[in-house]
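Visitor: This is the structure I want to talk about, given as structure tokens.
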Ligand code: KIV
């Protein structure tokens, strides 16, 4: 019997997410950066995020700041070609939604033209002008508050946010400001569980937590983190459901050993000449080349 639990085959849309919030149904979201991760995750989760975390997870950068629109387009297109049933959200990278409403609309509109259903962008009240401009152009926006990785230099590192009374109240204000500006959902990252719970119970829109405790309307984890594919420091909120790194290295080391000892490929894994052609080949030598 399979232990793989598949949700409904229902195509996930923004009205569906609104209904799930009313029904109290929790939302599972993960990242996808290419067609392989999209095909693995799509039947099992509700939202696929082409995150700017592609920068540190796949492209070898230390943080998300070097990621640009061209890189996001490349990864989004690969995911979109798989035509996921999950809601497909594309992250707006650093500087793609800061300069002017026109540029923000062009970048986000380009993501929708490439197959995204919605965009996500980081920041609170300061970003409201851009969020309103997008919503006015029928571009659905997911907000992102708390530990926003694009603010790493201002935060002085990847640190839990909202721990003082001032910060906590500002986050609640920001969450409601983003809801009023038209965001259809909010990611809450790296904040105390009690603060995420208060935001979730006072908002009409769903909250998706990452390092924000169990009371959010849903949870998001980076695909490579939850499958144990990332090496190095693992934040405490990351629960790895597989030891993917060791599993894949085990398989590769087995294959390399088989190659070295000559047991790969086997006769069954090889193509054969048609009957009678073996002799013609055996007669041929470099010296009788035509
Ligand atoms: O880029 C990303 O992967 C994200 C999630 C962690 C929410 O923003």
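Glycine too: its Cβ is placed from the backbone N, Cα and C atoms.
Please treat TrEMBL annotations as automatic predictions, because they have not gone through curation.
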Visitor: Hey, TrEMBL has Mg(2+) bound by 52, 122. Any idea which of 34, 91, 136 it lists too?
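Guide: Of the residues offered, the record points to 91.
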Visitor: State the Cα to Cα distance, in Å, between residue 122 (Mg(2+) binding site) and residue 52 (3-methyl-2-oxobutanoate binding site), rounded to an integer.
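Guide: Taking the Cα atoms only, residue 122 (Mg(2+) binding site) lies 11 Å from residue 52 (3-methyl-2-oxobutanoate binding site).
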Visitor: Report the member of 91, 122, 189 (the recorded positions) whose C-beta atom has the most other C-beta atoms within 10 angstroms.
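Guide: Selected residue: 91.
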Visitor: What binding-site residues in 52, 53, 122 place CB under 6 Å from ligand 1?
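Guide: Those binding-site residues that pass the cut-off, since their Cβ is under 6 Å from ligand 1, are 52, 53.
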Visitor: What Cα-Cα separation, expressed in whole Å, is found between residue 189 (active site, proton acceptor) and residue 120 (3-methyl-2-oxobutanoate binding site)?
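Guide: Computed Cα spacing between residue 189 (active site, proton acceptor) and residue 120 (3-methyl-2-oxobutanoate binding site) is 13 Å.
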